[in-house]
Structure formats: C-alpha cells, structure tokens
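*Asks:* What TrEMBL records for this protein is below:
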type: ACT_SITE; residues: 191; note: active site, tele-phosphohistidine intermediate
type: ACT_SITE; residues: 504; note: active site, proton donor
type: BINDING; residues: 298, 334, 456, 457, 467; note: phosphoenolpyruvate binding site
type: BINDING; residues: 433, 457; note: Mg(2+) binding site
type: DOMAIN; residues: 6-128; note: domain 'Phosphotransferase system enzyme I N-terminal'
type: DOMAIN; residues: 155-227; note: domain 'PEP-utilising enzyme mobile'
type: DOMAIN; residues: 252-541; note: domain 'PEP-utilising enzyme C-terminal'
Ligand code: PEP
Ligand code: MG
C-alpha cells in the first residue's frame, strides 16, 4: 500500500531503495531478577563497561579520521559517561547491595537519568540524555551478548528506517550500503542530523511513529530536501523521483566543481563569498563548501545553552579555534547580539514590551561593560592567530559606534600594557541593520573600516514587519524598492570613503537578489554554507555588464514581484529560485 511520511529534512538529497527496518537494543526492557553471586554479577557489568570502552575508542578514532576531530568529540563525551560515578558506580553498588541483575540495574538507573535530563529546558542537557541512551544501549548489548549484530543484517542497498539513531550508530553507518535514513524522532540540530550533513547522507528526522507501518524490504523513495518519504510509490511517481534524483546528483556534481574556484564574474571580476557561522563545528562546513572567509560569526551562540556566562578563556579558545582553522582567511566576529528573539535566561534581564526595539545587542553591551569588555579582551587576545575583523551589531547612531570603539581601544591598551600580544591593524566595522544607520551611512563611513548589511533586521525595521510573524510575512520583502534603495545608499557612501561593504543577512544567499546586489557593487556576500556553491556558479555565469543591467532594471521597477520575476527570467529561465 502506498504511504507518505513527512518529517524534518535534516540532510538534503534523494534516495530510492528498499527499506531496512532497524530496531535498536534500547527498546529492550529487561526482566528484574536476583543473582546468587553478587560479586560475579558486578564483574560481568564491569566487563561490559570495559568492552563498551574498547568500542568507543575505536569509533572515536575512525570518526576522527573520517569526519575530523570536532565530530569525534561526541565520543570523548561518551567515554566520560563510562567514568561517571553517578551512573556506573551507582549501578555496581546497586548490584552488590541488592543482588539485582545487571541488565535491570542498568535499565533502571540509566532510565531515571534520561527521564530527568529529557525534562530539562536546557537543550545541551537534553542532548546529554541522548548520549546516555547511546552509551547505556551499548553496555546493554555487551551484557546481553548481542553487540556487533546491530547493523550487520543490512542489505547491500537500503534506506534505513529507525526509531532513532544515536551519534555512534550514525558514525558507524556503512555508506556503501545506506542510501539515506529516516527516524521517528530527532530535530535538525540533533547530533545525528548534524553528522548526517557532514557525512552527506540524505536524512529525515522526526517523522513520527507512523514509520512503524513500513514493512521490511518495501521500496521507498525519500526526498530529504523536502522531508518526504513515499513507501511503495506508484510507477509514475517512481519515474518522476528517478529523474529528480538524476538531476539532483548532476547538479551536485556540477556545483562541487566550484568548490576550489575563485568567485569571478564571467569576465573576471572578483567578489568574496563568505559563510555565516554560529558554532565551532560550522567552520569545517564553511570550508567544505568553499567559503573564502567567515563573514559573520554570531558569537551569542557561545553564550546560549548554558547556565552562566562563558569565561574570557573559553571565548578566547573559541575565537582562536576559528581563526586558526580559517588559516589567514578573513574572519568577521560580531560582538554579542542578545535580545530580540535571542534570550539568555541567566542574565535575568527585565522583560521588555518590544524586545526587538529594546536593549538589544550593542545597546546591552554598552550598558553592561563587564560583558562587553570580557568579550573584547578575548577577541583581542585571539587576534594574533589569524585575520580577525571585529563587528558591532544594532547600531543606530554614530555615538554608539565611537563608544564601542573607544572601549575596544582601551582594552587593547590594557592588554599591551600587560605584555599581551595583539594583532596590528584589526579592522573594526559595524552592521547596518537599523534604517537610521543606512540613511546616515555617509556619517558612519568616515568612522568605520567596513559595513556588513544585516538585512534580516534591516528589512523588518524598514517595513515595520516582524521577521518572525507569518501574518505580516507579505511585507517582509528583501527586494522591495525601499530596501534596495537603502542598500544602494550604504554601498555608495562606503565607496566614497574607500570602505568595503558586505552583507550577512539571508538576502546575501538569495539567488534572486544576488544579481541585483552584484550590480549595486556589494563586495562581500556572507551566507549559510550550503548557499555558497550555487551562488558562485550563478555569479560565474554573468558578466559584470550584466550585473549592472540587473541593478539598473531592478531600481526602475516598483514592485518586488516584478523585480524578482525579471531576475528569474534572466538567470534561471523563469524557474523559482
Ligand atoms: C541580520 O540582521 O541580518 C543578521 C545577520 O543578524 P541576525 O540574523 O543574527 O539578527
Ligand atoms: Mg540582526
């Protein structure tokens, strides 16, 4: 029977293959019993823990080789769980004191940990529940003598259907066999989803318990880009998906050819394509997608998912990591942008009735010099490890920029006086997110080293349309003439002062906006890593003269739909971007 399942597209791509249904050992619920020899039972448990350690060390090593040290860190965490006295010693104690069987003791103790962690608000703690499930499942398999049988029955070609995949399951997938996977649970940011993207395996997560009705061996087609799986598709659907898959694979292969190329127009003009990152693991992805720079590091993510502020040392290590990994390529690090939709509960900030118009980002930093100075010191100390540029967010008036820069200079002087090395000539720029700053860009251009246009906010403030409110989404128009005029104003003001202008809002990766922005003279485009290669290919197809034609035409039209239609017709043959 034909069935459709919908989930979250966690890693893009298409797959067509028979379903392999995989039931995890975690679903096994042991019976409670009493043992005669308590000491022998404790030793049996300890042996299973030791075998799990051997497994994990091997997985850690192979993951490091296949995916890099940052991905292998998950398994360092798993190894630490094996040392956790609250878990492991507590189970040993329980076995010794009560004579309960090791399987049941493991199940009870790990489940109580998992339940407690799953109820936490903190995402990191919830992730830890996943790790404990993974590790306790591994110990359980060794206790039951079924370790190693896990995925061994997998046919040569399949789509894996599972309730859940732990990070270690994902790392161990045999990519010669698995064409894709779909799970009942999970989110886009779960570790298995992140690993699927790194492994480049199509993956859908969070598709629900309905998946249990798929019979083993059923032919399925999955379009992980759309988050859809069809079981037993009709003949015409199968043909359509085969064609779609061929086109997708061809496109992917074509785009891969652009990875190590410079970003040039067809007549040789260069623009810079950079990546936006939020977490340290995003740097590798940026490089894998041919990023020439990091155009925006949203540092607030370093402050989230925890219960206290990151220390200067932690921040220094993070910034140093990114700078070193980018190996001399530009890295624009934005100072803390908290407020609006990004909250830090542990700061206990007063509730505001209009948080997007409230004490956000630099406004908060200027009010809380303790926060700001710690971050600036960490940045300055890390500066000698690469090509750092510092950027301040949410500036409306010149005084804010000057005050931020004064504090930065002061911290630099202090560090130098302490004998700490700081890089020479660090560029200091600002985001253009507030219409007031765009309109007075000529005043700012005299003070800054660069601008980066944050269209996500600039559009919402220009159109007075909340970026998160679906009911006013029709007003949220990147290519509205008002927005395009502001962008032009900013670029012209910067050019007059010989300063460069980038863009790090979503608009920078939008295929219908890129040709116009090129024509307006934008120097740097910073976007999510996955948008870089399509952008490089688009830019390379057009000449500099054509860029100018797009901006001229766009600036003469009055409606966004007409502007977008014009660009599509002249770049994509009228196809939606
Ligand atoms: C922007 O506003 O365009 C931007 C890049 O910042 P954020 O999305 O983090 O607000
Ligand atoms: Mg913003």
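In case you wondered, yes, glycine gets a Cβ from its N, Cα and C as well.
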*Asks:* By DSSP assignment, list the helix, strand and coil residue numbers for the domain 'Phosphotransferase system enzyme I N-terminal' (6-128), in that order.
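*Replies:* Output for the domain 'Phosphotransferase system enzyme I N-terminal' (6-128) reads 83 helix, 16 strand, 24 coil.
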*Asks:* Looking only at C-alpha atoms, tell me how far residue 504 (active site, proton donor) is from residue 456 (phosphoenolpyruvate binding site), rounded to the nearest Å.
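*Replies:* Cα-Cα distance, residue 504 (active site, proton donor) to residue 456 (phosphoenolpyruvate binding site): 9 Å.
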*Asks:* Could you round the CA separation between residue 456 (phosphoenolpyruvate binding site) and residue 433 (Mg(2+) binding site) to a whole angstrom and send it over?
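*Replies:* One finds 8 Å between the Cα atoms of these residues.
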*Asks:* Using a Cβ-Cβ cut-off under 8 angstroms and a sequence gap of six or more, which residues of the chain neighbour residue 334 (phosphoenolpyruvate binding site)?
*Replies:* 296, 297, 298, 299, 391, 392, 393, 431
*Asks:* Measuring CB to CB from residue 457 (phosphoenolpyruvate binding site), give everything in the same chain under 8 Å that is also at least six residues away in sequence.
*Replies:* 356, 394, 433, 434, 467, 505
*Asks:* Pairwise over 298, 334, 456, 457, 467, annotated as binding phosphoenolpyruvate, what's the top Cα to Cα distance to the nearest Å?
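*Replies:* Binding-site diameter by Cα atoms for phosphoenolpyruvate: 20 Å.
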*Asks:* According to DSSP, collapsed to three classes, what secondary structure does residue 456 (phosphoenolpyruvate binding site) have?
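*Replies:* It is helical.
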*Asks:* Across the whole of the domain 'Phosphotransferase system enzyme I N-terminal' (6-128), what does the mean pLDDT come to? Round it, please.
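*Replies:* That stretch averages a pLDDT of 87.
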*Asks:* Can you tell me whether DSSP puts residue 467 (phosphoenolpyruvate binding site) in helix, strand or coil?
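*Replies:* Going by the DSSP assignment, residue 467 (phosphoenolpyruvate binding site) belongs to neither helix nor strand, so it counts as coil.
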*Asks:* With respect to ligand 2, which members of the recorded positions 191, 334, 433 satisfy a Cβ distance under 6 angstroms to one of its atoms?
*Replies:* 433
*Asks:* Inside 10 Å of the Cβ of residue 298 (phosphoenolpyruvate binding site), count up the other Cβ atoms and send me the figure.
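*Replies:* There are 19 of them.
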*Asks:* Could you give me three numbers for the domain 'PEP-utilising enzyme mobile' (155-227), the DSSP helix, strand and coil residue counts?
*Replies:* 20 helix, 19 strand, 34 coil
*Asks:* Around the Cβ of residue 456 (phosphoenolpyruvate binding site), how many other Cβ atoms lie within 10 Å? Please give the count over every shown protein chain.
*Replies:* 15
*Asks:* Relative to the Cβ position of residue 433 (Mg(2+) binding site), how many further Cβ atoms are located within 10 Å?
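*Replies:* Step by step: centre on the Cβ of residue 433 (Mg(2+) binding site), count other Cβ atoms within 10 Å, giving 26.
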*Asks:* Is any of 191, 433, 457, 504 (recorded positions) within Cβ reach of ligand 1, i.e. under 6 A, and which?
*Replies:* 433, 457, 504
*Asks:* What are the sequence-distant neighbours of residue 191 (active site, tele-phosphohistidine intermediate), meaning same chain, six or more residues apart, C-beta distance under 8 angstroms?
*Replies:* 74, 127, 130, 167, 170
